[in-house]
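These come from TrEMBL:
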{"type": "SIGNAL", "residues": "1-21", "note": "signal peptide"}
{"type": "ACT_SITE", "residues": "T188", "note": "active site, nucleophile"}
{"type": "BINDING", "residues": "R216, I217, G218, D219, T239, G240, H241, G242", "note": "substrate binding site"}
Amino acid sequence: MLRNYFLLAALLTSLSIQVKAQKVDYVLVVHGGAGNMKDLEKDSIHAAAYYAALDSALEIGNEILAKGGDGELAVLSVVSYFEQNPLFNAGIGATCTADGQFELDASIMRGKDLMAGAVAGVKLTKHPIKAAHAVMTQTQHVMLSGAGADRFALEHGLEMVDDNMYFATPKTMEWIDKLKQESKKNGTVGCVVLDSKGNLTAGTSTGGMFKKQWGRIGDSPLIGAGTYADNASSAVSCTGHGEYFIRHIVAYNLCSRVKLLKESIQEAADHIIFEELNEKEGNGGLIAVDRNGNIAMSFNSNGMFRGFIKKETGNSNIIKKIGIGKVLK
Ligand code: ASP
């Protein structure tokens, strides 16, 4: 009798997991960096440009996922879009080092087989995320850096730029002229996806921190710190003061809390962002999606460019929300 009860309970639990897993067809979440957005929120024209860019990123991802496309392709396409948009700190528009150079970092990871690829400190690769993807799919390695990574990108037929100054915009040129002044650019970009096959993917791309020491590598290209995906848990992309995200292995930390402590993705994200990082004054945020399509977008700064789309099973409407400050629209 007791044995039957346990069998029934196990069956119901597995059924409820299956029902849960079937609730969404796909989910895509993006971020465009965390930081102080107070002034931007007051500047409606400038803010509208960010809303439009976030919306375009979501639409690019939606088009792929709605056709049953892979999350990997969606992440690659969305992050590449951000890299060619000068509003963000990735690709063109990236922030510069203390000697006025552009050293770009990116990484991608897929949750179905824990395959990952990353590049750090590339100076001539137009789309660092594509180089990271090529490292994942065309080498036995996980990470390449500096001139070797640029050479790898060139040899693998990726688009290159002639000069490192390609990544500069009028705004970054102003900073380069006044490198002594305090200035900041938020806008590291990231994308996490649960696709219709149930696979999780995460990707992140950045120019790093303004006035960083040349050669400095942040969390964004580090698998486990700035990016992580595991089909048994979640996909995560981070943004913020990279040194803290490295010390707290934030992306892997979140996946482990969900998998081992059975925390919800929101509980895990809030614990890391508001307790672990806040205590150490580690500024920033993250986006995450779990294997059931639950989303977290936590940040301890006063804003984070972010948005998501969600397609629920049996409902033809796509839920879409975008935010910069506390409120999602
Ligand atoms: N996390 C990035 C880095 O430390 C910067 C950012 O996200 O703003 O390189």
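Using the three backbone atoms N, Cα and C, a Cβ is placed for every residue, glycine included.
Automatic prediction, not curation, is the source of TrEMBL annotations.
Predicted, not measured: the structure shown is a model, and the values here were computed from it.
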Annotated recorded positions T188, R216, I217, G218, D219, G240, filtered by Cβ under 6 Å to ligand 1: T188, G218, D219, G240
C-beta crowding around T188 (active site, nucleophile), within 10 angstroms: 35
Fewest other C-beta atoms within 10 angstroms, as judged across I217, D219, T239, G240, which are the binding-site residues: I217
Cα-nearest neighbour of the residue listed as 'active site, nucleophile' within the listed binding-site residues, G218, D219, G240, G242: G240
Helix, strand or coil at G240 (substrate binding site) [DSSP, three-state]: strand
